[in-house]
Amino acid sequence: MKGTYYINHGDPLMYLKKHIKLRQFLEGWQENVVIEKPKSILIISAHWDTNVPTVNFVEHCDTIHDFDDYPDPLYQIQYRAPGAPNLAKKVEELLKESGMECEIDTKRGLDHAAWFPLMFMYPEANIPICELSVQPSKDGIHHYNVGKALSPLLQQGVLIIGSGGTVHPSDDTPHCPNGVAPWAIEFDNWLEDALLSGRYEDVNNFKKLAPNWEISHPGQEHLYPLHVALGAAGKNPKTQLIHRSWAANGVFGYSTYNFTPTTQKTD
């Protein structure tokens with residue numbers, strides 16, 4: 001594959017609202033973003049947190065409805081994609097070769113950070129999928145190094161996607177329905193500038209440098225998939241902003257990025 005991606009999985013209510021810009025972007029994925037059909041997909045999920053990197057090793061992916069108090073139709077959705085056990089084993093091998101731990105989960109399916117965006121991106125559900133967890137107790141550098149260890153997968157036709165939320169405050173954060181909250185814009189702009197300028201060490205150390213990161217990412221698990229995708233693109237990749245929109249509440253940001261290796265061989 002030509003690069004890695006960091007996407008926003010969005011709110012499950014997007015299933016009922018066709019006008020949402022993020023949904024329209026995801027629906028145009030195969031036509032406008034990744035034309036080539038990947039052999040398999042490795043998706044790093046903000047909604048699977050573990051102590052050490054863990055991959056699901058399954059033949060068929062169950063659909064996990066890991067959200068509460070949503071309309072009944074959302075709980076009827078089934079994304080019946082095949083699993084990618086061979087990819088899971090390769091992820092385990094690459095991480096352990098890099099001196100990291102990796103565990104295998106033989107039961108877990110796909111949570112909504114995985115199946116929900118993929119339902120719009122690849123509605124055919126015919127591409128093998130492997131899910132990788134994040135470690136909220138770790139930092140950006142750890143997740144970048146996880147991605148770096150996985151960069152050889154790009155040469156094997158694997159589409160690597162980090163799925164989270166670029167600005168993802170807690171649910172009780174005051175909304176800004178008449179626009180976008182200034183603190184959210186400031187964080188989003190800082191992240192864009194750091195990525196497009198190649199200041200990847202700053203991105204890895206966002207807790208020391210990014211304005212308003214505490215409110216933008218109180219748990220950080222929704223940003224760490226970005227670090228994995230960034231690391232997986234190899235040394236000094238080129239970053240491109242490929243989508244930007246905001247939730248109607250003015251506090252959840254959906255900026256989406258592509259990380260392209262600067263050489264044919266990643267490292």
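Just so you know, glycine gets a Cβ as well, placed from its N, Cα and C.
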Same Zn(2+) site per Swiss-Prot - residue from H143, H168, H175 joining H9, H47, H222: H168
Which of H9, H47, all binding-site residues, has a Cβ with the fewest other Cβ atoms inside 10 Å: H47
Near-site residues: Zn(2+), ref H9, H47, H168, H222, CB cutoff 8 A to centroid: N8, A46, A113, S163, G164, G165, E221, P225
Protein Cβ atoms within 10 Å of H168 (Zn(2+) binding site), excluding its own: 25
